[in-house]
Structures are given as C-alpha cells and as structure tokens.
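Enquirer: Pasting the relevant annotations from Swiss-Prot:
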- Asn258: N-linked glycosylation site (CARBOHYD)
- Asn314: N-linked glycosylation site (CARBOHYD)
- Asn345: N-linked glycosylation site (CARBOHYD)
- Asn397: N-linked glycosylation site (CARBOHYD)
- Asn454: N-linked glycosylation site (CARBOHYD)
- Asn481: N-linked glycosylation site (CARBOHYD)
- Asn501: N-linked glycosylation site (CARBOHYD)
- Pro530, Leu531, Thr532, Arg537, Ser703, Asp747: glycine binding site (BINDING)
- 574-594: transmembrane segment (TRANSMEM)
- 595-651: topological domain 'Cytoplasmic' (TOPO_DOM)
- 652-672: transmembrane segment (TRANSMEM)
- Asn693: N-linked glycosylation site (CARBOHYD)
- 832-852: transmembrane segment (TRANSMEM)
- 853-997: topological domain 'Cytoplasmic' (TOPO_DOM)
- 947-997: region 'Disordered' (REGION)
- 987-997: compositional bias 'Polar residues' (COMPBIAS)
Amino acid sequence: MAVAEFVFCWPLFELAIVLLVAPIHAAQRHTASDNPSTYNIGGVLSNSDSEEHFSTTIKHLNFDQQYVPRKVTYYDKTIRMDKNPIKTVFNVCDKLIENRVYAVVVSHEQTSGDLSPAAVSYTSGFYSIPVIGISSRDAAFSDKNIHVSFLRTVPPYYHQADVWLEMLSHFAYTKVIIIHSSDTDGRAILGRFQTTSQTYYDDVDVRATVELIVEFEPKLESFTEHLIDMKTAQSRVYLMYASTEDAQVIFRDAGEYNMTGEGHVWIVTEQALFSNNTPDGVLGLQLEHAHSDKGHIRDSVYVLASAIKEMISNETIAEAPKDCGDSAVNWESGKRLFQYLKSRNITGETGQVAFDDNGDRIYAGYDVINIREQQKKHVVGKFSYDSMRAKMRMRINDSEIIWPGKQRRKPEGIMIPTHLKLLTIEEKPFVYVRRMGDDEFRCEPDERPCPLFNNSDATANEFCCRGYCIDLLIELSKRINFTYDLALSPDGQFGHYILRNSTGAMTLRKEWTGLIGELVNERADMIVAPLTINPERAEYIEFSKPFKYQGITILEKKPSRSSTLVSFLQPFSNTLWILVMVSVHVVALVLYLLDRFSPFGRFKLSHSDSNEEKALNLSSAVWFAWGVLLNSGIGEGTPRSFSARVLGMVWAGFAMIIVASYTANLAAFLVLERPKTKLSGINDARLRNTMENLTCATVKGSSVDMYFRRQVELSNMYRTMEANNYATAEQAIQDVKKGKLMAFIWDSSRLEYEASKDCELVTAGELFGRSGYGIGLQKGSPWTDAVTLAILEFHESGFMEKLDKQWIFHGHVQQNCELFEKTPNTLGLKNMAGVFILVGVGIAGGVGLIIIEVIYKKHQVKKQKRLDIARHAADKWRGTIEKRKTIRASLAMQRQYNVGLNSTHAPGTISLAVDKRRYPRLGQRLGPERAWPGDAADVLRIRRPYELGKPGQSPKVMSANQPGMPMPMLGKTRPQQSVLPPRYSPGYTSDVSHLVV
C-alpha cells in the first residue's frame, strides 16, 4: 500500500522540483544575458600621444580573449586634461559620464600640478565611477574618505619609506636622522617609516632607530638652524624627503657645514635627486617606468578588463550613470567594480601590478641611484619584485658605490666618539675595588679611578679598580684608540628586567635596572665587566665576541679530609659500634648464665687436684668475650659447659668477621682515594629533588637566575632555590665556606677562581649553560666591530690566556692545592693518633685504678690493724680475768687438796673427782687448739697436767709434786694447768668490736 502511494506521488514531486529550479535557472541565465555587451572606458589624458595610445590599446584589447569575454566590446572615450580643474569637471560630465563610461583613466603633466586629477577623482567618485591614475603620486589620493574610487598604477611618494628600510638593513645602519617637509607627503613618509619599521624589524637582526626628526616648512630660504642640531647628533645617516627646490637649499647649507663630505650618508627621494647641486656620493631612488605613460595606460586598461571579466562571471553589472545632474543615482555596480579592481594582480609592462586597500600600487620597482661627478646618475642597485618569493627584493652592488668624499668604503653612519663613558662592577677576580686612603691622591699604576656612577657625593671618587677586566680595558683602549671615564654601577647589580605597565599601554613593557639599564637608556657607552651573554640582554644591547668562554657550575665545600683523633673509628658507623659494644656484654652475660645453670658447669674429676680451675663467673665471662673480640690469648676463665663453649665458638666467628671487616674498611677508608665532591653536578637527584638538609642558591636577577627561568626541566629546582637566592655572589661564597650553604650555582670563572684560592672549596660536576663574558655596548654602537676584532686578536696573541693565569687560576695557589691533593694516602701518626691516645688512656686508667686500689688497701689495713689491736687488748683483758678466776679456783683446789691429804680420801679419788668436775666426759678428746698471741706457753702449762691418754685409757693425771709441775705459791702463782682459756670454752665468741678504741 505504501509503495503504491509512493509510485503515484513521485511524478508530482518531480514536477514540483522543476517548477522551483526553473525560475532560478532562468534568473541565472538572465544575469549572464542582462550584463551590458559594450563598455565605454573614459580617458582624461595629458597629450595626444597618450590619447592615441589609449585608443590603440583598447582596440587590441578587444581581440584578447584572455581578458575579454565573448560578445563583449570595449570602446574608448577620451578628453584632454585641462589645467583648469573646473573645465575638467565639466568635460568629464559632458563628454564622459553622458556616454556611460564604466571607468576613467587619468594622467597629467606633473609640472602642471595635481589639482586636475583631483577634479576628475571628485567628479567620478561622486557617481562611484572608478578612476585609475597613471601619474598622480601625492599622498592625498590615498585618503578614501575623499577619493573614494581612485586607484593608481604608480606608488605614492611616501612608499619610498619601504625602500629606505631595505637600504638601511642592507647597509646595517642603526641610527638615522629623518628630514622631511611639513606638508602632507612629508608627514606621510615619516609615518610610513615609523609604522612599517615596527613590523619590518621583527624579521631582521639589525634595527634602525630614528635619532632625530627635522621638519621644515616648504619653500626654504635657509636650513642652517636645523643643521646645527643635526651636527650635534650621533647619527650621520640622513633620510630626506624634499622637493627639488627645497633640496637645493638643504644641500647648499649642508655643504657649508661640511656635512656632505666623508663620513656622511645621504639617502633621498626622487624629487631631491633632481636638484642641480646634489653632492657627490648621494644615494637616491628613482621609480622604474615613472615617465612611461604608454606602459601605465596599457596596464590600467588590462587591469580594468580583468576586473570586468570576473565581475561579469559572478554578478550582474548595472549600466553606468548617464547624467551628472541626476544626483539621486547610486551606482552600486561601480562600487563593486572598484573592489574587483583592488584585488587585481597581473604582470604588466611596468612590472607586477597590484594594489593595497587604499588603491595604491604595490610591487613597484625602484632603481638605486648614486650621484657621481658632474651630477651623473649611476644605477648601483634595484628594488624589484621577486616572482619566486612573491615579494620585493633589494639588490645593491656595494663595490660600485662612491660615497661622499669619494670614498669606496662604506661610512660607519655615526659619529664615533673617542671619549667614552664606561661602567663596571665589583666582581672578583675580574674587578677589585678598594677605597683610597685619606693620604692618597691617586691610584696605583695598575689601577684606574672608578667613582660611583652619577653620584654627587664627594667621597664617591675615592675608589680604585684593578683586575682582569681593568687590564683588558687598558689594552683595549690602546689598541682601538679611545679614552674613557670609568665608573662603578650605581646599585651594584648587573641588572634585570622588570615588567611595567605604561600609561595607556595594553601590554607590559620591560624596564632594565643596573648596568644594563644604564646602557639601554644611553647613559653609558660601554660595560667592561664579567657580563654574561644571554638572549634576554642581547635583545636590548649589543655584545662583543666573548673575551672569556665559561659556563655555570656548582661550588661546594670540599668533604673534610682532616684526620681526627677518632679516625680509627670511622670505618664503622656509630650505630654499629654501639651494637658491637652491646653484643660483647650480652654474650658475656649469656655465657655466664649457660655455665652457671649447666649441670656440668661445676663438674670436677674425682682424682683431680683440689686447686682445679673454678667455674666461670660473670667477671670471667666479660673478660672472655672481650679477649675473643680483641684476639688476645685467653689463659683462664674459659667456659666449662658444652653449651657455653658452642656459644663461645660462634662468638669467636663473629669476632673474626668484625675484626676482618674493620681492618679492610679501615684500609679503604684511610688509604684509598675519597670523592672530592658531595654532588655529581646539576643532574644530581639531590638537587633536582631538593631535600631540607640540602640548600642551593644563586644570585637573584643575575644571568644564572634568568637561565633557570628559561629551563623548563629545572623549574622545580628553581622554585625551591628561589627563596634562598642571595643579593651578591660574595655573600653566597662566604656562606659556603661557613657551611651555611651547601651548593652555590654561579659562573664557572668566578667559582674556579675561588676554588683555586681556597683548597677547602671545590667545583662539582661538569659545566652547563655554556656562554661567555662579553663587552656590552649600546644597540648600533660604532665600537662594536672594533671591540670584537680587538678581542679576537687578543685571543690569538695569547693575551687572554695571560690574564687567565694572572687573575683567575693563581698558579702558585693552585699548585699547592694539587700538592695537597696528590699527597700519598699513607697512614701516619695523625691518622692513628687516636689509637695511641686510647692506649694512653688505658694506661692512665690502669694507673689510676691501681692508685685507688692501693689507697683503698691501705685504708683497709689500717682498719684491720686497729681491729687486731682492739681484739688483742680485749683478749688480754679477758685472759687476765680468767687467770684471776683460775688462781682462785687453784687456791680452792689447793685448799681442798691439802684438806684431802689430811682426810680419809685417797689422793687418786680427789684427782678423779676434780677431773670429772672439769670434764663431764673424760673419754672425749679435745679438738685442736688455736694459739693466739702470747698464750702458747700458758696453754702448754695449763693442759700438760690434763693431757688425755690414748683412746680407751684413763686420763693421765700429774700430781703437784711431779717433776715439771712446780708447786704454786699461794698469793703469787695461779694454777693455770687446771683451767683452759675462756676462748676454748663452749659458747665463746670473739666479737670484740665493742672494745675497739
């Protein structure tokens, strides 16, 4: 069902498409067919030859199918240019516009003035009829507010400013003086030069600046006042736009001031070139085909035909206006045709024909003219269109130019001053600065006065400078012949740029400080200092060739090689030493415990000597552990148990490894070469990832600081070190020496000098950011080439090498450092003094301990003697008491004995009774007696009567009358034989401390 409906509707859809497209197609055919088939081209020409050539050109055009479509015919309508502009206007209306001209080609006699072409332009422009001028070059025709439909196949005069820029770039002139009239064309050429130079110099290296602008009123009578200002200026290159009459006055007065001779450069426009007193050596411009009316007529006709052909193919062209009186006519096709004309770009008889937005001819060729003797004009160059590059190109044969003063060599273009203002800065070893003493009136022969720059203080002149750069300056001034005033940097800085926002400016402007700022602002002529060449500075000042090539390096304090008293401890870290000490005592304790609690630790052989070695105690265990560690002989106090001996073997192995490692590491540590630096260079990971205990810095605002800003890969490092940057290099170097700063990043020349002067400092790693030190000069300075050539000669002659040895490397100091570094790394007393001191400390400790022991022993002996004396006195006192008791007992026994003799008891019975009373058990054998001082004889006398017999026998009792037993006398003798001393009695104690005096 759906398919059937679609088949039924399809014819209706096709019909609708046809009905819609048909009107459009018809309109297109109408557009092409409704365009006029005939086109009238008007001509307002200056002479009959031009009129005839105009007619002939249009006739030939009709046969050129490249420019004329089929069924299109061109016709010419010409009138003669009248000197009266009002008549010209009426002629244009009556003879051209009434004939429906689509465009007008106009020319005039240049001597008759420019008002006639302006009249044609005003009249035609009112009706939007395009006008193509072939001779009018005044700047006024570029104003589209007035000449709304005017084009020209010749460039305006002020376009010669473009050629001036090309010539200045070719001759490398950087400062110029512009002389121009105060009329429209004069001001237009100045504006064109200033505007074009802003974009032109973005593509070239040499930038020309306008030092002075001299504007004069036309129809001069005298130019003397302006010449006075020009003579005081530095530039000697004059760009002049003036009429032929005014140029005669200027050249006349300039010749009187000797400003047209040697050393001066004049580049003038076409009008001035035709002055009858143009000096020899003047360079001027002359437009190619400037007076070829026929060529310009042909080019204008073909440009017009090309535009109409393209317009016919794209849109409908309405008929041109027919009546000047019809003010209501607004011919839009004329405006569109004017836009098509401006977009043309063809190759014609006068060269490449194209137009800018103002309808002015571009790509016009010029001849560079050199004025010779007798006003002869010689072509020495061309400024023409290069079809390969699609742009204009300057070609000048310098060898054919004769400059003012009949010179073949190109002038410098500026007045070269022979007395210069020089600036420097204190930077060792390149510039040393000292203040003069109160009694000094002049500097030393190798010094030069260097007051502070622009300082009115009287003390500012009391400085003298010497050093590498000062010696270079002295030799440089002799070589290229100049005098100078030397001054110090006012703020002590090389200078860096600050971005400032000028009033009314949309972009930030760089403003330089320090030495660079003085040079940029032209307050100084030259900088003689260790000034690093870098892109930021080279954009604003000029540099000579480097007088010293260098780079950036790192300064650090050399790792200490001095031997301390504990050098022998350095092979092991403090932690390891502590662990070893702890291990000794832990092992000793474990050995003691193993030997103490082992069941075999106190085992003795049954038949062993009673003096066999005792078991291991704690003191012996410590002694054993230390003895094994120190590899000393162990004669006693060894472990007895198996478990303790196993641990002892393990400890011996541990001690062997520790001692061997210590010995090897000691040899490597004290004898082998140690690294000279802590850092390996700029790529050291510790710098790239800066740690808290590692500080690095440079000088803020310096060339090194700019280098780190440029390098993206160093951005992280720069952010870290930026806060640590110093104001001067001197402060940073002092902090490196003191250990406050670990790494100072600066120019290699300065750091190598510091390292050669102080053996404690060393540069780390390879150079990076290689550059050089150069002499700084103003942009366009005439001294640049001379200074560069002189420096190159100094390099070739060896003078720069001599300065390096004299000021930077300090040969004798460096040699001493090398001797220090190359000393054989053998062990000496300073390396091992700590060991000897340790032995001395051990000896002193032993002597001290023995003294303490002796003193302590003497104290103990004295105390023991006092105790012995007291004990002896107490024993004597007790003995005396006991003797008295014994005497009493003896007397009692004697009395009893005597009584017994007289009684019925037998003597034997009495003796037995006495013995029983004294000895409850007579069979008990008395133990061994101890003798104490002074009682040996008493003991024998006392015990002799009571000596016991052999076991199993009765005691042997001696009678009083027995020999050897004297009969005691009453009151005089005590019977000592019957009573023992009290200390042999049961319960006796020897404590006599209470008797000690």
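Here the Cβ of each residue, glycine as well, is placed from N, Cα and C on the backbone.
Describe the structural context of these features.
Expert: Under a cutoff of 8 A between CB atoms, and with a sequence separation of 6+ in the same chain, Asn258 (N-linked glycosylation site) has no neighbours.
If you take the C-beta of Asn314 (N-linked glycosylation site) and look for same-chain residues 6 or more apart in sequence within under 8 angstroms, you find none.
In the three-state DSSP reading, Asn345 (N-linked glycosylation site) counts as strand.
Sequence-distant neighbours of Asn397 (N-linked glycosylation site) (same chain, 6+ apart, CB under 8 A from its CB) are Val380, Gly381.
With a 10 A radius on its CB, Asn454 (N-linked glycosylation site) counts 11 other CB atoms from all the protein chains.
If you draw a 10 Å sphere around the CB of Asn481 (N-linked glycosylation site), it holds 9 other CB atoms from the protein chains shown.
Look at Asp747 (glycine binding site): DSSP puts it in a strand.
Among residues of the same chain six or more beyond the transmembrane segment (574-594), those with a C-beta under 8 A of the stretch's C-beta atoms are 601, 616-618, 620-622, 624-626, 629, 639, 641, 643-644, 647-648, 651, 654, 658.
Computed over the topological domain 'Cytoplasmic' (853-997), the whole-number mean pLDDT of the model equals 60.
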Enquirer: Around the glycine site recorded as Pro530, Leu531, Thr532, Arg537, Ser703, Asp747, what other same-chain residues have a C-beta within 8 angstroms of the site's C-beta center?
Expert: Phe494, Ile533, Asn534, Ser702, Ser771, Tyr773
Enquirer: Relative to the Cβ position of Ser703 (glycine binding site), how many further Cβ atoms are located within 10 Å?
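Expert: Around the Cβ of Ser703 (glycine binding site), 24 other Cβ atoms lie within 10 Å.
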Enquirer: Using the alpha carbons only, what distance in Å do you get between Arg537 (glycine binding site) and Asn481 (N-linked glycosylation site) once rounded?
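Expert: It is 27 Å, counting Cα to Cα.
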Enquirer: Could you measure the widest C-alpha to C-alpha distance across Pro530, Leu531, Thr532, Arg537, Ser703, Asp747, the residues recorded as binding glycine, and give it to a whole number of angstrom?
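Expert: This binding site's residues have a maximal Cα-Cα distance of 16 Å.
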Enquirer: Could you tally the C-beta atoms, other than its own, that fall within 10 angstroms of the C-beta of Pro530 (glycine binding site)?
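Expert: Result for Pro530 (glycine binding site): 26 neighbouring Cβ atoms inside 10 Å.
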Enquirer: If you count CB neighbours within 10 Å, which one among the recorded positions Asn345, Thr532 has the smallest count?
Expert: Asn345
Enquirer: Take the C-alpha atoms of Leu531 (glycine binding site) and Asn481 (N-linked glycosylation site) and report the distance between them in angstrom, rounded.
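Expert: About 23 Å separate the Cα atoms of these two residues.
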Enquirer: What whole-number Å value do you get for the CA-CA distance of Ser703 (glycine binding site) and Asn454 (N-linked glycosylation site)?
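Expert: Each residue's Cα considered, Ser703 (glycine binding site) and Asn454 (N-linked glycosylation site) end up 25 Å apart.
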